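Taken straight from TrEMBL:
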type	residues	note
ACT_SITE	Cys11	active site
ACT_SITE	His113	active site
ACT_SITE	Asp128	active site
DOMAIN	1-184	domain 'Josephin'
Amino acid sequence: MYHEKQQRELCALHALNNLFQDKSSFSKSQLDQICQSLSPNEYINPHRSILGLGNYDVNVIIAALHLKDCEAIWFDKRKDPSRIDTSKIVGFILNVPSNYKVGFVKLPIQRRHWIAIRQINKEYWNLDSKLDAPQCLGDLYYGHMFQESSMLQYLREQLQSNDKELFVVCTCEVDKSQQWLLPDNEQR
């Protein structure tokens, strides 16, 4: 299992590489190029930190996913995550608030942090780059049915917070036909 650890403000890069399970999926220079293409005439690029150390916004993640023929779909918190057909998706990217630290000192600055969640070997994993190791969210495959209760419960808990956002990552083809979303009467 591939798991990039947090460096500087590169959590978006780590989340993308962890999601695709490949350290060469994206590089900092590729994400910086995306920033430049999104705002070519801006002296200070609004899609990354002012120092150019990372802290990429959702527009950069969406553009990067497009390079892999994938889409990031904002998940409406009013819906239950059981509406997601997990057999049709690549995984999830979760955006959460994060305290800013210098050494061991927390500064009164709120930043955003990107986390990848995906299924690997029939289990769901939290691939947060701030974790020492990936965290298994459970959900072994039994027969022909996924027992997704612990992963879904984790997503429900995350979505209870107003300052967290969930993006469903799927291929553009799946997004176009909305195959990732189960009808109301077919929730898992």
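Just so it is clear, glycine is given a Cβ too, placed from its N, Cα and C backbone atoms.
With respect to their backbone Cα atoms, Cys11 (active site) and His113 (active site) stand 6 Å from each other. Residues within less than 8 Å, Cβ to Cβ, of Asp128 (active site) and separated from it by at least 6 positions along the same chain comprise His113, Ile115, Ala116, Gln135.
Around Cys11 (active site), taking its Cβ as the centre, 27 other Cβ atoms fall within 10 Å, counting all chains. Along the domain 'Josephin' (1-184), the predicted structure has mean pLDDT 83.
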